[in-house]
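Pulled from Swiss-Prot, these are the features on record:
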type     : residues      : note
MOD_RES  : LEU14         : N-methylleucine
TRANSMEM : 14-35         : transmembrane segment
DISULFID : CYS129-CYS179 : disulfide bond
Amino acid sequence: MVSKIMNKKYEKGLSLIESAMVLALAATVTAGVMFYYQSASDSNKSQNAISEVMSATSAINGLYIGQTSYSGLDSTILLNTSAIPDNYKDTTNKKITNPFGGELNVGPANNNTAFGYYLTLTRLDKAACVSLATLNLGTSAKGYGVNISGENNITSFGNSADQAAKSTAITPAEAATACKNTDSTNKVTYFMK
């Protein structure tokens with residue numbers, strides 16, 4: 001009788017191997033949750049950036065309707081509208097931020113008629129760059145660019161997104177090649193009519 005009680009006493013609880021298996025399972029579940037959370041967070045940031053671009057475009061088009069040019073267009077004009085959500089307005093530095101921690105820069109074309117104005121999203125990681133570079137703005141867009149400089153001085157649009165402005169929407173394959181910076185220094189530019 002005493003031995004039965006002792007055996008039951010020793011059978012209670014988990015063995016070391018069982019405890020290790022439970023901890024391993026918990027770690028796997030936690031890692032999976034973190035992975036999917038990060039993926040959902042990145043997707044949400046991309047959607048917010050797209051909404052920000054669309055809102056800025058709509059506001060600019062509304063403000064400049066009937067005007068002959070976009071002369072004087074810059075971020076401070078958009079800061080004074082309701083088109084940009086307050087959490088992306090840096091009124092102290094007169095900048096518009098984007099969901100990835102960079103900026104949304106806007107400006108007119110410099111004395112050329114290749115396009116009307118541009119919008120550039122900066123400090124994008126590779127995944128965000130690919131996602132945002134493939135955004136097709138339809139007939140409102142004159143061209144697209146990835147990691148190009150001197151946006152306001154572009155005078156023509158080519159057929160490739162590699163180091164140049166492109167006249168048509170950027171394909172995912174082109175974006176994967178053009179978004180080459182792995183240190184969150186990519187930028188995507190939309191050239192609007």
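Cβ coordinates come from backbone N, Cα and C, glycine included.
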Review point. How many other Cβ atoms are found within 10 Å of the Cβ atom of CYS129 (disulfide bond), counting all protein chains shown?
Key: 26
Point to revise | CYS179 (disulfide bond), number of other Cβ atoms within 10 Å | key: 26
Study note, to complete from the structure: In the three-state DSSP scheme, CYS129 (disulfide bond) belongs to helix
